[in-house]
Amino acid sequence: MGGMVCFFPTMKRFLRGLAWLLGLFLFLALLLGFSGYLYLRASLPQGEGRIALEGLSAPVEVVRDGKGVVRIRAATLKDLFFAQGFVHAQERLWQMEFQRRVGQGRLSEILGEATLPQDRFLRTWGFYRAAQAAYGRLYPEEKEAVDAYAAGVNAFLASGAPLPPEFRLLGFRPEPWTGPDVLVWAKMMSYDLSGNWEEELKRHRLLARGVSPKRLLELMPPYPEDAPTILSAEDLKLPLKREEAPSALLRMAPPRFMEASNNWVVAGSRTATGKPFLANDPHLALQAPSLWFLMALEAPGLKAIGASLPGVPGVVIGRNDRIAWGVTNVGADVEDLYLLEEVEGRGYRYRGRLVPYGVREEVIRVKGGREEVLKVRETVYGPVITDALQDPPKTPMALRWVSLDEEDHILMAFLGVNRAGNWEEFKKALLPYSAPSQNFVYADVEGNIGYIAPGKFPVRREGHTGMVPVPGNGEWDWLGYRRPEEWPQAFNPARGYLVTANHKVTPKGFPYALTYDWAEPYRAERIEELLLAKEKLSLEDMKAIQQDQKSLLYRDFRPVLELLTPLSEGARAWRDRLLAWDGTMAASSEEALVFALWYTELTRLPQREVGEAYWDEPRYLLKALKEGDKNCDQPETEYRESCLDYAALALERALDRKEALGARAWGEVHRARFPHAVLTHTPLKRLSDREVAFGGDRYTVNVGPFDPETLAMGHGPSYRQIVDLSDMEGSLFVHPMGQSGHFLSPHYADLLPLWRRGDYLPMRFGAPLGRTLLLEPLPPP
């Protein structure tokens with residue numbers, strides 16, 4: 001007992017000491033956390049007061065409203081773009097730095113070995129070399145804008161303002177900005193919106209697997225002849241001459257989820273206001289921060305408001321006080337792969353002679369001090385890009401791509417569009433446009449509407465459609481580019497509206513093919529259906545169309561549900577529920593969940609034949625399920641299944657998966673995810689990343705494409721805009737996430753709830769005043 005009496009006081013003293021130490025540790029942890037929080041908060045941008053900067057010729061007013069939307073007023077265009085570069089850097093410097101390093105192929109310098117494969121791929125293509133070449137050939141006005149913008153970014157870097165937290169966490173400081181840094185992101189956007197080389201490689205590999213050209217036509221059906229095209233024969237001014245493709249193989253048109261979009265423009269004859277409406281929502285990668293930055297720019301000769309790209313001067317999608325415009329991706333085929341006939345590794349045969357490879361050495365620096373020298377083989381066409389693939393084909397292939405041309409004036413085109421006041425000025429502004437080709441819709445205050453698809457479209461030899469790789473022996477070289485007067489275009493079409501949703505641009509008989517890789521027509525058909533549902537359309541109707549999630553895919557597959565024989569009572573009950581459903585892919589819908597899971601199971605049908613787990617080709621699947629297909633019989637079963645048996649089995653599998661997920665609504669598993677490029681891989685993702693329940697699928701107007709494995713949504717409406725040409729200041733816009741790229745800013749994700757529920761911000765030059773920052777010229781010493 002005496003030992004115990006002695007033990008307890010000792011134990012008490014120990015526990016008091018331990019409590020004191022734990023308290024001290026907690027205090028220090030809180031102190032460090034609070035200090036870190038204060039440090040991170042200190043890097044938020046200055047939004048009020050005055051900043052003196054070297055490089056300005058006159059004061060510039062920067063006003064931020066209650067949601068962080070910025071309006072810049074300057075006395076000259078040069079000062080305007082300088083200030084835009086400064087403000088973009090204030091709000092999105094880390095995003096701009098990351099994008100620049102992607103274009104340069106320099107991620108490994110800050111992220112280490114993990115990004116070496118990406119850097120090798122990016123260096124092989126040579127995006128930054130192309131940007132450097134293009135910078136040296138800019139028009140004087142274009143170069144002045146680029147240089148002023150870069151100077152504005154550098155003024156922020158020199159201002160002494162704390163850098164965003166990502167720089168601190170990764171332990172580096174950004175280098176000064178240059179002209180090619182501004183241009184390289186346009187190259188990357190062009191790459192993002194041009195995927196034909198992948199489709200060529202995909203077809204090449206299928207043919208190598210033994211798939212016949214006839215079977216390829218079944219697996220990848222061509223665009224339906226009865227489906228809508230953006231322009232009708234009546235709209236076009238060009239004569240219609242011949243069929244587009246000389247053979248069945250060359251008619252193959254595999255739809256894919258390219259970076260997609262919707263836009264439409266409606267003439268005053270169809271609106272309640274008597275003036276046009278123009279709507280646009282580009283479907284791009286969802287990310288944190290948002291791809292876009294909402295901004296109004298005003299200086300003598302330019303007044304534009306809309307979506308700008310951090311890292312690039314001007315407004316990409318938007319309006320001024322006379323016209324409005326919107327863009328969607330044409331998906332034009334401006335890339336070709338050329339099969340090289342190698343000669344003992346010394347070179348390749350071209351026009352009957354041996355041509356040695358050019359070799360370009362790229363030094364890739366890796367965090368920690370290591371360097372890697374990448375040797376890129378060059379040809380008369382461009383780089384041998386198959387050298388950069390993880391699973392390269394046996395025959396090396398070189399790439400010919402418009403965006404690797406040494407001359408590129410896409411920025412000049414967009415700056416001209418910002419300043420255009422009528423249709424002729426708008427078309428003239430687009431003359432230097434290169435790539436990626438876009439479906440531009442247009443409207444003006446006079447009541448005119450129009451459409452044009454500008455770009456550098458290759459002229460190919462008869463028989464070369466760009467669908468598959470061709471021999472790189474000189475026989476299939478491009479013959480030049482289409483002239484601007486040959487571009488598809490329409491002005492004030494008789495039907496009173498124009499719709500683009502990445503579907504086919506031109507009707508049968510158009511004299512040349514833009515591409516064969518068109519999106520399925522479901523979104524276009526639904527938009528047109530809704531536009532024609534009312535005699536006079538309102539602004540509210542435009543909003544409702546952008547939010548519509550009724551699935552025409554369901555409408556096509558409903559007859560399969562009627563024909564199949566369920567394999568269980570549970571499946572029978574669900575078949576009946578789906579038949580009674582209206583096909584709206586709402587986040588709250590359980591039917592939408594089951595339909596999405598069932599369709600995903602259906603896309604597994606040809607996986608043994610094509611070597612891919614999922615094959616999202618609706619018209620192939622529909623034909624197979626209704627008429628039969630060799631892939632429907634399942635080798636793991638003892639009996640021979642019909643295709644309707646396969647559809648019934650797919651429903652059972654979908655219900656099993658639903659049970660495993662434990663979900664009762666589509667939005668529980670279909671989440672729109674906004675990851676930070678780097679922090680998503682760290683514990684800080686709780687601060688940086690966002691996700692929300694979302695409806696829709698790949699084929700709904702309010703699009704919601706998803707990964708078939710995770711069901712997560714990584715692409716979607718990256719920006720929404722509705723312009724009312726009867727009341728321009730009553731126009732609307734919004735993007736997901738927020739204006740700031742700083743995860744501690746109140747404007748980091750404050751727009752996400754609006755975007756999710758279909759609300760908008762006013763798109764006004766005269767928005768209520770908020771915080772005002774005055775940028776002033778640095779006084780002489």
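Our numbering is plain: 1 for the first residue shown, then up by one each step along the chain.
Glycine is treated like the rest: Cβ placed from N, Cα and C.
Listed in TrEMBL for this protein:
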BINDING   E200, D333, D336  Ca(2+) binding site
ACT_SITE  S261  active site, nucleophile
Same-chain residues at least 6 positions away from D336 (Ca(2+) binding site) with a Cβ under 8 Å from its Cβ, in sequence order, are N196, W197, E200, Y381, L399, R400, W401, P458, R460, G466, P469, V470, W476, W478
Which Cβ among the binding-site residues (E200, D333) has the fewest C-beta neighbours inside 10 Å?
E200
Quick check: which same-chain residues outside E200, D333, D336 lie with their CB within 8 A of the centre of the Ca(2+) site CB atoms?
N196, W197, E199, E335, L337, G466, M467, V468, P469
List the Cα distance (Å, whole number) between S261 (active site, nucleophile) and D333 (Ca(2+) binding site).
17
If you draw a 10 Å sphere around the Cβ of S261 (active site, nucleophile), how many other Cβ atoms fall inside it, taking every protein chain shown into account?
27
